[in-house]
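Participant: Quick paste of what TrEMBL says about this protein:
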type	residues	note
TRANSMEM	B:20-40	transmembrane segment
TRANSMEM	B:47-68	transmembrane segment
TRANSMEM	B:74-95	transmembrane segment
TRANSMEM	B:107-130	transmembrane segment
TRANSMEM	B:167-187	transmembrane segment
TRANSMEM	B:216-239	transmembrane segment
TRANSMEM	B:245-266	transmembrane segment
TRANSMEM	B:273-296	transmembrane segment
TRANSMEM	B:302-320	transmembrane segment
Amino acid sequence: MGKYWIAFVANKSLSGGLFLLYVIVTSIGIYLSQKSIVSFLLLLASLLILYFLQFPDKVKWAAALVILGVVLPFAASHGQSYQSYMDVAVMVGIYVAMALGLNIVVGMAGLLDLGFIAFFALGAYTYGIFTTSQASHFMPFGHYPLSGASFWMFILIGCLFGALFGVLLGIPVLRVKGDYLAMVTLGFGEIVRIVFNNLDKPINITNGAMGISSIAPPELFGIRFIYPSQFYYVVLVLLLIVIYMVRRLERSKMGRAWKAVRENEIAAQAMGIPLVKTKLAAFAIGASFSGAMGVVFAAKQAFVDPTSFTYLESTTILVMVLLGGMGSVPGVILGASIITILNLQVLTEVTNWLNQLSMSGVLKIPDALSPAKMQRFIFGLLLIVFALYRSKGLLPAKNMHYDLEKLARRTHSMDAVPAAGETNKG
Amino acid sequence: MLTDLIGTLPQVLIDGLTLGAIYAVVAIGYTMVYGILELINFAHGEIFMTGAFIGTSLLFLFTGQGWIHTLPAILILLLAIIAASICTGVLGIGIERVAYRPLRNAPKLITLITAIGISFLLQDIVRFIAELKKGTYIINGPNLFNGQIHIKASSLWPEFHDATLKSSFLVVLLVSIVMLAVLDIFVNRTKWGMAMRAVAQDRETASLMSVNVNKVIAITFFIGSALGGATGVLFAVQYGTIDPYIGYTLGIKAFTAAVLGGIGNIRGSMAGGLILGLIEMFAAANLSGLTGGVFGSEYKDVFAFILLIIVLIFKPEGLFGKAAAEKV
Amino acid sequence: MKSKKLWSFGLAAVLAVSLLGACSQYSSKSNASGGSMQVIKIATQSPLSGGSATLGEAIKLGAQLALEEQQAKFKKMGFKLQLVPYDDQGDPKKGVSNAQLIGSDDQVFGVIGHLNSGVSIPASEVYEKYAIPMISPASTATEVTDRNLKTVNRVCARDDFQGPAGASYAVKTLKAKKIFVIQDKTAYGQGLADAFKAAAEKLGAKIVGYESITVGEKDFNGVLNSVSSAKPDLVYFGGLYAEGGLIVKQARAKGIDVPIMGGDGLDSSTYVDIAGGAVKNTYLTSVAGDVSKTSEGKKFAENYKNKFRKNVESYSAYAYDAMGVMLKGLENAIKANGGKIPTREQVRDAVRAIKDYKGVVTEVDFDSKGDNKYAKVFIYKFNKAAYPAEQEGEISK
């Protein structure tokens with residue numbers, strides 16, 4: 001089996017041709033049979049196949065962009081399920097970005113953060129408060145609600161707010177050891193949720209349990225983004241920016257410092273890595289992704305309330321990171337996509353199918369076992385199985401390969417130590 | 001307002017002790033496992049919850065059999081407690097064997113994640129079974145101890161109001177004290193207890209001293225989980241209603257209690273549990289009065305978490321623990 | 001090598017599951033093509049898991065009963081009626097994504113749901129986009145209909161009617177002068193408790209305490225200690241049965257014997273199960289009438305019990321009426337369209353235009369916002385530990 005695969009991948013024209021055929025077939029599948037999510041999933045899986053093929057990086061990225069930006073929306077647009085697919089795709093994008101943020105904290109720096117959803121909540125509430133009349137309850141200046149055109153600015157604000165709170169959380173917490181860190185971050189996540197749930201007196205900041213509704217949709221040059229299909233592009237662009245940033249960070253000095261801290265704190269300190277600054281940077285950057293995505297989430301849902309930001313959500317994102325592979329960017333993207341699609345589409349569809357079966361009398365599955373309710377069970381099982389047997393995840397993080405000859409040539413051709421001039425394979 | 005505070009003090013004290021006793025025994029489970037394995041057993045809250053469910057089903061069984069009329073209630077309760085603790089003890093050993101032993105040499109992160117996975121799994125499995133049997137997962141146990149006892153605290157000092165307590169509170173308190181005493185004797189006076197303390201101190205050297213480390217760890221898990229399960233039954237008796245999600249919040253608060261008292265220190269956890277219970281009850285009863293209505297009793301959970309964070313940051317060894325220097 | 005094997009296995013597993021999921025679409029298509037009948041689906045969205053599962057399940061079953069009773073009538077018109085239940089888990093995100101799925105299924109013409117106002121509000125934005133009429137049997141927050149959406153209707157009363165109705169009964173009939181209010185910090189509980197508080201203050205009562213509890217807690221002794229030191233004449237609880245039952249039980253154990261009043265979130269058999277004997281001398285306001293008072297109601301309760309082997313809950317009757325209204329609107333739309341399948345907009349407008357529909361527990365007539373003009377509030381009292389309670393009075397608009 002392995003031999004054939006290697007041979008297949010090596011033959012570029014063969015693999016390229018087959019891949020193209022696969023994409024065309026699956027997109028026609030979506031186009032023609034709207035409701036079949038099989039074609040949808042298969043088309044998304046084509047991205048996964050693309051990852052394994054042996055083409056130069058630039059070609060792969062271009063192909064991925066074409067598939068995501070053009071093929072998918074076009075194929076799905078022919079029919080009723082368009083918005084439903086786009087909705088799922090938007091949620092996948094949001095969760096992928098958040099999982100990448102948590103990946104930096106947990107996967108790269110090795111700090112187990114169980115309250116990650118708190119930053120998401122902060123971003124979402126920030127946007128929600130200021131784009132509805134909620135802010136007029138406590139802000140002494142300004143004219144609220146702000147219009148949707150401020151959405152773009154708010155993404156940056158969400159980013160900065162997230163980073164700020166990440167640092168604020170990090171400073172007291174960094175003296176604490178691994179297991180305790182988990183509990184402290186868990187406590188923090190719960191505190192944020194409870195506080196938001198109760199912050200309607202003495203001054204009404206978050207409207208408590210009632211949540212904030214009718215949040216303004218984003219506006220660009222007069223177009224209002226109400227439909228998930230429009231949000232899709234926003235999320236796609238943001239996701240590309242996030243992936244780019246994460247890959248740059250991974251290869252930078254900071255990324256290597258994180259890996260060192262993760263493996264052995266004391267040795268890293270001995271090597272001169274400033275422990276506190278490195279950890280704070282990890283927290284801040286991870287939190288900033290989460291905050292920015294919170295803004296997008298609030299704009300998409302047009303309604304925020306504290307029940308979206310529970311401990312279960314934090315654990316969901318953790319499962320995504322673990323499933324995909326801690327520290328590995330493509331792995332986390334895969335893990336996040338799988339979990340989100342599982343949660344939002346697959347489980348519901350399987351439940352509906354079982355319901356139809358039981359209503360037509362074929363099979364009687366008791367209500368208690370309906371798959372849509374089995375979310376926790378599946379997560380628990382996934383966590384245990386993966387932690388025990390594949391703790392490296394589905395697509396494990398790969399270390400970077402340096403071509404020694406090229407490096408040697410560089411050092412000899414220049415007298416000074418070269419800047420970040422490395423190549424990598426894989 | 002101050003008069004209110006003082007007036008309700010006896011009642012707050014009693015309620016706080018009830019809550020605290022439950023926290024204390026569950027905290028011991030956390031402490032014991034952490035002392036030996038340096039692992040926070042996230043699943044312990046769910047073991048507590050499983051114990052509550054097993055106990056309630058046993059009580060239903062006994063009631064169904066009609067034994068409840070022939071035997072005194074306390075005997076039935078004891079039977080249920082013993083049966084439930086044995087079941088949860090075995091469950092604890094099973095969890096350790098399946099999920100923690102293979103990862104003994106893996107980084108701590110992974111074991112924590114497995115523990116979270118088990119807690120989710122247990123929650124959902126119990127929910128299935130409850131929903132299958134009863135159609136809802138909120139289960140009401142039979143009422144065992146319903147008598148009311150009035151304490152005329154006002155005779156002690158006129159400022160105090162009278163306090164009432166359910167007789168189940170006395171049962172809970174007594175059983176908890178007995179369990180704690182037995183545990184104390186076991187850990188400090190028996191050979192196995194000494195083995196446990198040895199493994200907690202230094203695992204490798206203990207194994208050199210011909211202590212069977214695996215067996216000791218299994219026994220620790222058994223005892224910790226059995227105690228957790230027994231407390232679950234007490235909880236079910238005290239509050240009457242249980243659902244699969246009681247383990248989560250209680251687990252976090254019990255962990256706070258364990259940390260407060262000094263993790264690894266059994267007597268410290270007991271003290272920590274009682275203190276936490278009292279603080280929480282006091283906050284719930286008086287917070288809105290103290291802050292003039294700004295912060296109400298809904299913030300009492302936040303209290304526990306903030307306390308946890310403060311203790312971990314400023315005195316990680318807890319109130320009664322010894323600071324351990326990290327040796328490189 | 002090993003990773004590739006595991007990989008292909010994993011991929012195959014994912015494919016298998018998604019194929020299963022896809023089968024649902026294929027089987028529904030085959031249902032549609034079975035015979036010359038067109039399929040009309042009505043969806044229900046309610047929490048079938050989570051803390052309010054008893055109520056959510058009751059909504060689904062009540063709607064199911066109504067639908068199945070009318071299936072024969074629609075068959076004669078040439079349409080096959082089907083029920084599609086969804087579980088929104090009381091979570092707004094799930095409710096919205098389910099709403100998207102519902103919207104993209106062009107055979108669905110209506111939704112009965114949700115239970116929680118916090119889920120109804122965002123989900124209804126989606127229904128509005130797809131022009132699918134929604135009738136809620138249980139969402140009481142004022143915000144649900146205050147947005148003036150064309151698709152949102154409800155058969156139950158609003159918080160700002162139920163709360164003041166309870167307040168007026170408490171102050172005028174029960175002569176309560178000092179009231180202690182507890183709420184559970186959800187959109188429903190807080191909305192109801194706030195409405196009650198405002199109305200009670202207007203009627204001259206003094207609110208001696210306003211505390212909140214968390215859903216899922218079991219120990220309310222702290223709050224109850226504040227209650228006993230405040231010595232009120234009445235305790236009002238805005239929240240659901242799981243906490244309400246425990247509060248009542250623990251309050252009586254503390255010696256708090258004053259009447260305890262709550263809203264329709266308490267109106268369920270599980271409330272009596274949890275509170276046991278302590279439930280005596282408690283009141284609740286409910287927007288559902290007593291099914292045992294009318295002969296249709298009794299027949300409904302019997303059919304429900306025979307079919308599902310469970311007793312009716314308050315929301316079963318409400319969902320039954322909601323589905324009845326929906327089907328009446330559908331029928332009107334079909335007839336207005338000359339017997340052919342109508343568009344979603346036609347069904348939506350027909351549902352909103354319903355006048356004087358007589359259901360088993362309530363009459364229905366939607367006003368321009370989608371509220372029910374006939375919504376009445378009934379006051380129930382528990383004189384013994386049995387469900388349902390006895391009706392003490394009713395207050396209409």
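Every residue gets a Cβ built from N, Cα and C, even glycine.
Describe each of these features in terms of where it is and what it packs against.
Facilitator: For the transmembrane segment (B:20-40), the residues of the chain that approach it from at least six positions outside its boundaries are 47-48, 100, 104, 108, 111-112, 115, 172-173, 176-177, 179-180, 183, 196, 199-200, 203, 216-217, 220-221, 223-225, 227-228, 230-231, 234-235, 238, 250-251, 253-255, 257-258, 261, 263-266, 268-278, judged by C-beta separation under 8 angstroms.
With a threshold of 8 Å between CB atoms, the same-chain residues lying at least 6 positions outside the transmembrane segment (B:47-68) that come near it are 26, 29, 76, 79-81, 83-85, 87-88, 91-92, 95, 122-123, 126, 129-130, 139, 141-142, 144, 225, 228-233, 235-237, 242, 244-247, 250-251, 254.
Under 8 Å from some Cβ of the transmembrane segment (B:74-95) lie the Cβ atoms of residues 43, 47, 50-51, 54-55, 58-59, 62, 67-68, 118, 144, 171, 175, 218, 221-230, 232-234, 237, all in the same chain and six or more residues away from its ends.
Panel annotation: around the transmembrane segment (B:107-130), residues 38-43, 45-47, 49-50, 53, 95, 99-100, 136-137, 139, 244-245, 247-248, 251 of the same chain, lying at least six beyond its termini, place a Cβ under 8 Å from a Cβ of the stretch.
Long-range contacts of the transmembrane segment (B:167-187) within its own chain (CB-CB distance under 8 A, at least 6 residues past either end) are made by residues 14, 17-18, 21-22, 24-25, 28, 74, 77, 81, 144-149, 193, 196-197, 223, 227, 230-231, 234, 237-238, 266-267, 270.
Distant neighbours of the transmembrane segment (B:302-320): 252-253, 255-256, 258-263, 265, 267-268, 271-272, 275-276, 279-280, 283; these residues of the same chain sit at least 6 beyond its ends, with a Cβ under 8 Å from one of its Cβ atoms.
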Participant: Sort out the residues at least 6 away from either end of the transmembrane segment (B:245-266), same chain, that have Cβ-Cβ distances under 8 Å to it, and list them.
Facilitator: 22-24, 26-32, 34-35, 40, 42, 44-50, 52, 119, 122-123, 183-184, 187, 200, 235, 272-273, 275-277, 280, 301, 304-305, 307-308, 311-312, 316-322
